Amino acid sequence: MRTATLYRYSVPMEAGVILRHQRLKSRDGLLVKLQQGELSGWGEIAPLPEFSQETLDQAQVAAECWLQHWVSGVESDDSVLPSVAFGLSCAQAELKQTLPLSADYRKAPLCTGDPDELFAVLQALPGEKVAKVKVGLYEAVRDGMIVNVLLEALPDLTLRLDANRSWSRAKADGFAKYVNPALRSRIAFLEEPCKTRAESREFARDTGIAIAWDESVREADFQVEAEPGVAAIVIKPTLVGSLARCQQLVQQAHQAGLVAVISSSIESSLGLTQLARLAAWLTPATVPGLDTLDLMQAQVVRPWPDSPLPLITTEQLGVVWHR
C-alpha cells in the first residue's frame, strides 16, 4: 500500500540575505514523504524566488496532482516544474534505495571578502582550499580589489566567483583590471559575468579569466559543449529538474571536458544533505557548492553534520496533503 504526505515549512533567514532584487526574509518550501510498505523516501520542493520559473503555490498544486496519481498506483512522468521534478525524484530514489547514502559534506565556503576571516575558515578545511565569492552586488572595481587581496593573502586558495549576469562588458572589464594577471589562473571560474553569453565568452577570451555557465544551463537553447574559456557548468537541481536530468548534465559536462558543480538553491538541511549525496555520487572529484545552511536560523527534519542550528522536526511541520 502507498501513502504520501506533503509538509510545508517556513524557516526564518539571517538578516541580509539578498537575492537579485529582494531580501529573503524566510525560506519556504515543501517536503514530500512517500511510503510503500516498510520503505519510505523524502524529497524537498522549494522554488527559489526570483530564480525559479514556478511559485511555491504552483509547485504545491503540481505535487499534489502527481502524488494523487502515485498513491493510486499510477506512475506519472516527471513534472515539468523543476523544483517538483527534483523533490519527487529524490523521494522516489530514496524509496527505491537508488540514491547512495554516502555524502560529500565538503563545501566551498561563501566568503564575505575579509581575508582574516576566510583564512581561519580555510585553515580548518581538509584538502583542497576552495572558496566562493559573490560579486556583482557592489561596484565591480571593489569586487576586483577584494578578489585580488584574497588571492594574494592566501597562496593556496582557489576562488569560484558568481556574478549572476549582473555586469555590462565595461563593468566586467573594470573588475578584471584590478585582478593581477598572475593571479587569474587561481580563479577556478567566474559564473556568468555578463548579461549575455556572447559578452561572457568575449570577456573570458580577452582576460584569461575562465567562466562557468549557471543561468544558461536552465535555458531551452543551451547545449553542453567544450568552448574556449569555459571551465565548468553549475547544476542547481532545484532549478534544473529531476535526478535523471542532473545525471544527464553531469555526463555531458564530463564528456566535454568540463567540471560539473552541484550547487545549492538555499534548500533546507534536508535538501542540502541530499545534494551532498548527489555530489558524492555524480561529481566525487569536485567540491560542491553547498555552503548556504548558515543563511538560515534552523534546520529541517534532517540535520547537516555538526551544525549547531536547532532542528525543526516532522511533528512541528504543517501537513498540507495526505493520502
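Using N, Cα and C of the backbone, Cβ positions are placed for all residues, glycine too.
Of the residues Glu117, Glu128, Glu139, Glu191, Swiss-Prot places Glu191 in the same Mg(2+) site as Asp162, Asp214. The binding-site residues listed here are Asp162, Glu191, Asp214; among them, Glu191 has the most other Cβ atoms within 10 Å of its own Cβ. Long-range neighbours of Lys134 (active site, proton donor) (same chain, six or more residues apart, CB within less than 8 Å of its CB): Leu110, Leu161, Asp162, Asn164. Within 10 Å of the Cβ of Lys236 (active site, proton acceptor) there are 25 other Cβ atoms, across all protein chains. The Mg(2+) site, placed at the center of the C-beta atoms of Asp162, Glu191, Asp214, has further neighbours from the same chain whose C-beta lies within 8 angstroms: Arg160, Leu161, Ala163, Asn164, Phe189, Leu190, Glu192, Ala212, Glu215, Val234.
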